Amino acid sequence: PTLLRPAMPLLKEPHSPPQAPPHWILPSLFAAFNVVLLVVFSGLFFAFPCRWLAQDGQWAFPIITGLLFILTFFSLVSLNFSDPGILHQGSNEQGSTMVHVVWVNHRAFRLQWCHKCCFHRPPRTYHCPWCNICVEDFDHHCKWVNNCIGHRNFRFFMLLILSLCLYSGAMLVTCLIFLVRTTHLPFSMDKAIAIVVAVPAAGFLVPLFLLLLIQAMSVSAAERSYEGKCRYLEGHNPFDHGCASNWYLTICAPLGPKYMAEAVWLQRAVGPDWVPRQNPHFPMCPSTLSPPDLPGPGSGLQNTPGVPGDTKGKGRTTHLLGGLGPVTYPFWASVSSAIYED
């Protein structure tokens, strides 16, 4: 019997090009490497120079450095997995043509439309290009932990910097004391490990201290890192409420609810009562709007007690989030009538 050949030759399936790894692989590995690096150097420190001091009866060094290591490790891991204040994507029902203005203690902020998250960003909310999310009260994206630093985890960030400074300083001092007290002994593995640990501890201590100083100055002035090149009108920061109040609102004040939902609408369709009108203080500025009348829960933005005219509040602005009800944001400003675009 004859074999019938196919009329059309078989075509080889084209090989699909190799897919590149996801963009988050390398940053995640780098953050995990930093955790491993901390554990490895700490293990060498406690196994050699710190062990020798403990055997010599000087238990203060391992106790103090051990507590600092626990604090540093806890803050590092917590910051890696913390929520910086993510505002999830909204809807396209209300496009970028709508204009929204929120007033903060006599100062107006025009809310900018985020084309990727589909909502109007509240003041000081920024879309992180590395994480592809909008973060409330955005400060910066920290590549050491592969996470954004924002409203909900800034305290962990400050705790991490402070604990790293203290821990690095304690490790450096302990290694130097160990080397001084063992000068009469021959060179050994303990001395070699002490030098290996002391060199990176000294190298990280100076930049960490400078970073802590810069962040402390930023908190005192109510500034954010990504706003470093921005300048407010009249040279005054509308969010500055005094050094003591800035530290309280940043470190100690309640954080409010978490916005971990499938969809959050920061602004819903406004009612007919919200009619934009020109601000008499700035007649030549077409983007300046007066504070809207509050038609009810569908207005999307409203001022809570503490805005001008209320002496019992604390200067907060409320956004109505879809399905979550009114949520209060802490905004700190002085009395003025200038307008800024965030």
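Glycine too: its Cβ is placed from the backbone N, Cα and C atoms.
Copied from TrEMBL, the annotated features are:
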- 110-225: domain 'Palmitoyltransferase DHHC' (DOMAIN)
- 293-319: region 'Disordered' (REGION)
- 24-47: transmembrane segment (TRANSMEM)
- 59-81: transmembrane segment (TRANSMEM)
- 156-180: transmembrane segment (TRANSMEM)
- 192-214: transmembrane segment (TRANSMEM)
Relative to the transmembrane segment (59-81), which of 24-47, 156-180, 192-214 accounts for the most Cβ pairs at distances under 8 Å?
156-180
When DSSP states are grouped into helix, strand and coil, how many residues of the domain 'Palmitoyltransferase DHHC' (110-225) land in each?
61 helix, 19 strand, 36 coil
List, by number or range, the same-chain residues at least 6 past the transmembrane segment (192-214) whose CB is under 8 A from its CB atoms?
41, 44-45, 47-49, 158, 161-162, 164-165, 168-169, 171-172, 175-176, 178-179
If you average per-residue pLDDT over the domain 'Palmitoyltransferase DHHC' (110-225), what number do you get?
93
